[in-house]
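Chemist: One structure follows; several queries about it will come next.
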Amino acid sequence: MIVAPLSVLLGFVLARLHVPAAWILGAIVVSGISALGTGRELKVNAKFYNFCRGIIGVLAALPLAGVPPAELLHYLLPGLVSAAVIIGIGFVGGLTLAQYSARKSHGDELTVSRETGVLSMLSGGASIMMTLADELGADMRYVALTQYLRLLAVSMTLPLVASFLTHPGENHSAGLEVTWWMWLLVIAIALIGEPIARKVHLPAPAVFGPLILTAVIATLLPVPIAPPEPLAVTAFMSIGWVCGGGLSVPALKRFATLLPATITFIVVVMVSCAAMGAVVSVWLDITFFEGYLATSPGAIETVLALSSEGGGGPAVVALQLIRLICILLFAGSLPKILRAIDRRGKR
């Protein structure tokens, strides 16, 4: 009960000090201290968090409003290239992990299969990777651990790194007049966006459903969509609670023998994605802040929240969406890809 008011208090202080992502950082600090102090993970209500993810989707769509579809095609090639690089790193890393595990385990239960290794190392769609692990016969426990650690590392470092980068503009929702019906509109979009996205099998439906719905509605309204600040602050803090609340000692002790290799790869992925962000920023003539967020290895909600607060342009949303779609297509085809590699190896 004390986490929420303390998060508001710390977030307000950080915001007054003009600290970037103040509300996210405040919630991370408070929930993290609570989780580590009590030894229990801080659980965030799933329905509440889905609603907040919808608000993040609305905020993320603001830079897309009014942008012609032809201009978005401008990001297709860079998005595909960055996706190919990141998927390639995850694929090679997963196969390497499987080989390393086989040498160390000598056939015992700690062996990591190729499917397990690759699914655990793909950066994006963490919850979907866990579901696919069960369907593809991979070790869902190890995939969940690795994806959790990656999300934790990325989510914790994103606000810190972003605070040292030059932001391209002001908060997209700042300075806009909020009318009473805007509350109803934004809440409705956040609530109905996800079920609509699930109907059409859109990836990350809780985020991309409201995001796309907002972009469509924004083209029809004569006034800009302006999410009320209390809704935006609540959504930002929910991201922090989920990130910091997972910092429990029991969670960090799981599969301790496999953590060194896992953490090493996470660092390699984060550095590689940052390097790709530098390439993309030069390619598209955008700030490194936007390039870094556009190629971040997961933590899509945190990425979109930071992009909205920092005035990021449509490149962040476009490249993240392109990469996520590519990763999901690749993961779904993983058994066929591995069988094709086996057939080629036997020739």
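Backbone N, Cα and C atoms are what each Cβ position is placed from, and that goes for glycine too.
Small disclaimer: the values here were computed from a predicted structure and weren't measured.
Features from TrEMBL:
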- 20-39: transmembrane segment (TRANSMEM)
- 51-70: transmembrane segment (TRANSMEM)
- 76-98: transmembrane segment (TRANSMEM)
- 148-166: transmembrane segment (TRANSMEM)
- 178-197: transmembrane segment (TRANSMEM)
- 204-225: transmembrane segment (TRANSMEM)
- 231-252: transmembrane segment (TRANSMEM)
- 259-284: transmembrane segment (TRANSMEM)
- 317-338: transmembrane segment (TRANSMEM)
Chemist: Report yes or no: does the transmembrane segment (317-338) come within contact of the transmembrane segment (148-166), defined as 3 or more CB pairs under 8 Å with a sequence separation of 6 or more?
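Modeler: The transmembrane segment (148-166) and the transmembrane segment (317-338): touching, no.
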Chemist: Report, as numbers and ranges, which residues of the same chain sit near the transmembrane segment (148-166): CB under 8 Å and 6 or more residues beyond its ends.
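Modeler: Residues 19-21, 24-25, 28, 123, 126, 239, 242-243, 246-247, 251, 259, 262-263, 266, 269-270, 287-289, 292-293, 296-299, 302-303, 306, 310 contact the transmembrane segment (148-166) from elsewhere in the chain.
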Chemist: For the transmembrane segment (259-284), could you work out the same-chain residues 6 or more beyond its ends whose Cβ comes under 8 Å from its Cβ atoms?
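Modeler: Distant contacts of the transmembrane segment (259-284): 74-75, 78, 82, 85-86, 89-90, 93, 97, 100-101, 120-121, 123, 145-146, 149-150, 153-154, 157, 290-297, 315, 319.
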Chemist: Could you give the residue numbers and ranges of same-chain residues that sit at least 6 residues beyond the transmembrane segment (178-197) on either side and whose C-beta is under 8 angstroms from one of its C-beta atoms?
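Modeler: Counting only partners 6 or more residues beyond its ends, the transmembrane segment (178-197) has Cβ contacts under 8 Å with 50-51, 54-55, 57-58, 205-206, 208-214, 217, 225-229, 231.
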